[in-house]
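*Asks:* This is the structure I want to talk about, given as structure tokens.
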Amino acid sequence: MDALADEPNPPAAKNTPTVLQSFRTELVKKEHDVVDADWAGGVPPQFGVAPRIRVGKNKWFNLLWLIPIGVLLLIVGIAVAKGLRELPAVQDFITRYPGESALPADAPVGFPAWLGWQHFLNAFFMIFIIRSGVTILADHPRLYMTRHSTPGKDWFRIQKPIPTDPLYTAKQDSITLPNGVGLPGRRHSIGLARWWHLGVDTLWLLNGLVFMVLIFVTGQWMRLIPRSWDVIPNSISVAIQYLSLNWPIENGWVNYNSLQLIAYFLTVFIAAPAALITGLGMSPALSTRFRWISSVFSIQIARTLHFLVLCWFLMFILVHVTLVLTTGALRNLNHMYGARDDGSWVGFWIFAASLIVMIVAWVGASPLTYRFPRKVQKVGYALIGPAQKLFEHIDAKPGQYTEKDISPYFWHNGKYPETEEYKQLRAGNFADYKLRINGLVENPVELDLAQLRGLAHHEQITQHFCIQGWSGVAKWGGVSMNTILELAKPKPEAKWVIFYSFALGPDGGIYYDAQPIEQMHYPLTMLAYEMNDDDLSFGHGAPLRLRNEVQLGFKLVKWIKGIEFVEHFSEVGGGEGGYNNDHEFFGYRQSI
Ligand SMILES: Nc1nc2c(c(=O)[nH]1)N[C@H]1C(S)=C(S)[C@@H](COP(=O)(O)O)O[C@H]1N2
Ligand SMILES: [Mo]
């Protein structure tokens, strides 16, 4: 079928010198090799506020108040528990439920050395995962309960309320983290943070998998999974004993007390898998494929739960470390670090050595990331890239929503076009606009807006996933990329498609992005000139923008002026497959 059958004005003469001209010369080739003061166009630091949660409609509760409130509750709790222990009924209860649930006779005693290694690696990986995770949160420092990231509807924020400027961008909203907290922590360093987060995640999950296999092979699982309901009264008994400051007898080498058992069980079998599932719940490709799950368990719910899992881990680490050190530190350290049950200093020294390794890694991670960002990008991609590639092959077709799902507010993002070329086109209502399509195609063409509108109209209601964490559903109208392919006829060598923008990126040079040609055939890949039944606005990319629903938002180039088919993106710009990849170390496959 001829895609231009109904087209009154045939496309402009082909093979003229302009239609063949590439936009590559407008890219800035200079690659960043360090992260310094010019990072992200010299974006100045901007600090957020202490964490706040919403109470009621417009009141915000500063979570720092939890510290004095917690101390107060602890004091009250101690007083109550001490009082309770005077009561004969409570004393009988504690005698009946001293705090441990019986283990089967064949349960293993003590801790093997592999467990100590796993415990160390787990803690070591968690340092990077937590710090880079907080950096990712800092890039959109708000949490929501629905898929719409509507200003004023956030339930949690570490940033001031959103200003009223209608063109305020999500990038403007990002915050800097104090040194040593984030990884790397600088404002809008999400590209590098994601390599740390997703890269180390794979190591952490691998370590967890080995752990799961080994505990079931060796019988250690019996010590981690409650086997009888008496863990409930036993854990209440333990809680009273701890709170009354008359602590239960330590028997960790053989059996955990019930409170400890429940805490470990929840951490290993609930929190850790929940971290993985809620993390995947934020993936554009998976959410699009499994839209029926994503309808309920939207990216924002996933993000909120992912954050609550973090809170659980932080609380667990605090209580766990405190109790290990206050309930017979030397013996406890021997258990986990020395695989022995005595009062010697062996475990302590191994622990001290491991602590030094962790501190050095903690202190060195951000400076090394700023010094060798390209290496972080490469290693991160080596670790998580295969999964990202796999999810790209997922069918995006199910990812459509209905009119009633359209978000009341859709964030703006990126750097607006300020060039003379664009200003003039806009002033003339884009009458002189031409989309230039060339490269490895049989039929290089230039299309003006009337011609684009004359092509088969395609509409979709889909969800946008910004790398920073906000999301929104909108209706897009325009031309399917399939129609464009039919028209331009890519040659067999064309494997990647480059989209060029009128807008410059923060470091100069025009914004661009490379997409695999395979995805240009996906049913939800299109060029949009309409949004929510209106002409595409300036802020959202007028006159033309890309939609590809298996990818994150930054790949969806706005203010498109040209499309070039190439063999490989390494020929273009800094060679990393996109503006953000060249300049801010993002990845070129962003299905998760
Ligand atoms: N030319 C250009 N396109 C761009 C950007 C940009 O900075 N320049 N930002 C991207 C990012 S990070 C996102 S999330 C989406 C935002 O689209 P919106 O402003 O319509 O929400 O546009 C993408 N396209
Ligand atoms: Mo984005």
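Here the Cβ of each residue, glycine as well, is placed from N, Cα and C on the backbone.
Pulled these features from TrEMBL for this protein:
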DOMAIN    431-568  domain 'Oxidoreductase molybdopterin-binding'
TRANSMEM  60-81  transmembrane segment
TRANSMEM  120-138  transmembrane segment
TRANSMEM  195-217  transmembrane segment
TRANSMEM  261-283  transmembrane segment
TRANSMEM  304-325  transmembrane segment
TRANSMEM  345-365  transmembrane segment
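I'm curious about the neighbourhood of these features; can you describe it?
*Replies:* Remote same-chain partners of the transmembrane segment (60-81), defined as residues 6 or more beyond its termini with a Cβ less than 8 Å from a stretch Cβ, comprise 50-54, 157, 239-240, 242-245.
Packing against the transmembrane segment (195-217) from elsewhere in the chain are residues 114-115, 118, 121-122, 125-126, 128-129, 131-133, 135-136, 183-184, 224, 268, 272, 276, 279, 365, 369, 376-377, 379-384, 387, 585, 587, 592: each is 6 or more residues past its ends and has a CB under 8 Å from a CB in it.
Among residues of the same chain six or more beyond the transmembrane segment (261-283), those with a C-beta under 8 A of the stretch's C-beta atoms are 101, 201, 205, 208, 211, 223-226, 231, 235, 293-294, 297-299, 301-303, 305-306, 309, 312-313, 316, 319-320, 391, 465, 469, 591-592.
Same-chain residues lying 6+ beyond the ends of the transmembrane segment (345-365) with a Cβ under 8 Å from its Cβ atoms: 116, 120, 123-124, 127-128, 131, 180, 183-184, 196, 329-330, 332-338.
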*Asks:* Would you mind listing the long-range same-chain contacts of the transmembrane segment (304-325), meaning Cβ under 8 Å and 6+ residues beyond its ends?
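*Replies:* Contacts of the transmembrane segment (304-325) (Cβ under 8 Å, skipping residues fewer than 6 from its ends): 126, 130, 133-134, 137, 143-145, 155-156, 260, 263, 266-267, 271, 274-275, 278-279, 281-282, 332-333, 336.
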*Asks:* Tell me, what is the mean pLDDT of the domain 'Oxidoreductase molybdopterin-binding' (431-568)?
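*Replies:* Mean model confidence (pLDDT) across the domain 'Oxidoreductase molybdopterin-binding' (431-568) is 97.
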